[in-house]
Amino acid sequence: MGLRNLLDKVEHHFEKGGRYEKWYPLYEAVDTFLYRPGSVTRTTAHVRDGIDLKRMMIIVWLCTFPAMFFGMYNVGHQANLIFAQSPDLLSAQDGWRFALIGALAGFDPNSLWDCLVQGAAYFLPVYLTTFIVGGFWEVLFASIRRHEVNEGFFVTSVLFALTLPPSVPLWQVALGISFGVVLGKEVFGGTGKNFLNPALVGRAFLFFAYPAQMSGDAVWTSVDGFAGATSLSLAAAGGVDNILGHGLTWMDAFLGHMQGSMGETSTLAIFIGGAVLLLTRIASWRIVAGVMLGMVAMSYLFNAIGSASNPMFAMPWYWHLVTGGFAFGMIFMATDPVSASMTDTGKWLFGALIGVMVMLIRVVNPAFPEGMMLAILFANLFAPLIDHFVVQANIKRRLARNG
């Protein structure tokens, strides 16, 4: 018996009046994930398109894979480099992860397999925790509201996991995704009705609730007892010269060979997925261009102003592009169609606001070198207001033209 026949055979148990009626959203989620939905539009107007929400969300999910797989490799590579330089740290490690890594691979920084296994031992538990806990809330709210489980959670779960450091405790992962899904999306009605990006809401909650596990120099590698600064922390302490002094070149930063959140280090891997999103028009090029223009303009402004006490004023825009979560936020977070502006002009303004805000936070606030997360959430709050004024300006322009 084929899987399609099996699903059709048990479907009546989940329909209204069936034995498992309350679990219909879960059945529907499995069915529509594996096969194309059979429902069609029955009233006017009819729109025929080659893409629907399911396909769009799966494409976004797949576009995170370059950043995901490179992130797993880089987590392992950074850890194995530390072990190669300080063998005594390796003997001090314990726990089930290192027992698993020792059984499946080694600790050679030059081995692709060893680095991937090491990184997977940290990323996959985080992702599975995110998916299971967040999926539980999605199914629960879908069952209560009696509507289908939306594929959008595939995107929320992977984006949230990729923004976390490898050393994050799994219970904090569960708490963060619960906060993001429930208070960032479901309380507003679910997918399509939230005005904040739920992945960023969960990440912001963890950052402010548990700063010791979300920031500082000790959280960016999977090695217990080792502390290493990110490129942005190095820049905040001594500018670009300090980054170069630690042996990190611009190309290293662009490729992602540095410490940081699991999916945010490689600008190249992020741009590979971003190119697909832009070519398929799932991501708005206007938002991406607006973010870049806002960031570059503010960077030149701060470069011109200068500061004897704050080295971040002199940091060029092309270094801002490859450090921290700027590229990841610009491609995957800012372009969220639900929480971003919807008008064409509004998208330019929305993106520019993010670019300006991230520079203000990074440069002017020396205690907080990263700013992409807060900049996007801030712009999310203003997106409806931006669209309102754009629409009102358009109405006034038409009235003036037509008398």
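Any Cβ shown, glycine's included, is placed from N, Cα and C.
According to Swiss-Prot, the protein has these features:
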MOD_RES   Thr230  FMN phosphoryl threonine
TRANSMEM  56-76  transmembrane segment
TRANSMEM  121-141  transmembrane segment
TRANSMEM  164-184  transmembrane segment
TRANSMEM  225-245  transmembrane segment
TRANSMEM  260-280  transmembrane segment
TRANSMEM  287-307  transmembrane segment
TRANSMEM  312-332  transmembrane segment
TRANSMEM  348-368  transmembrane segment
TRANSMEM  371-391  transmembrane segment
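Across 121-141, 260-280, 312-332, 348-368, 371-391, the stretch most heavily in contact with the transmembrane segment (56-76), judged by Cβ pairs under 8 Å, is 260-280. The transmembrane segment (312-332) and the transmembrane segment (164-184) are not in contact, since fewer than 3 Cβ pairs between them lie under 8 Å (pairs 6 or more apart in sequence). Within its own chain, the transmembrane segment (287-307) has Cβ neighbours under 8 Å at 274, 278, 313-317, 320-321, 326, 330-331, 334-335, 340-341, 347-356, 358-360, 363, counting only residues six or more beyond its boundaries.
Long-range contacts of the transmembrane segment (164-184) within the same chain, counting only residues at least 6 positions beyond its ends with a Cβ under 8 Å from a Cβ of the stretch, are 75, 119, 122-123, 125-126, 129-130, 133-134, 137-138, 153, 156-157, 194, 196-203, 205-206, 209-210, 213-214, 218-222, 260-262.
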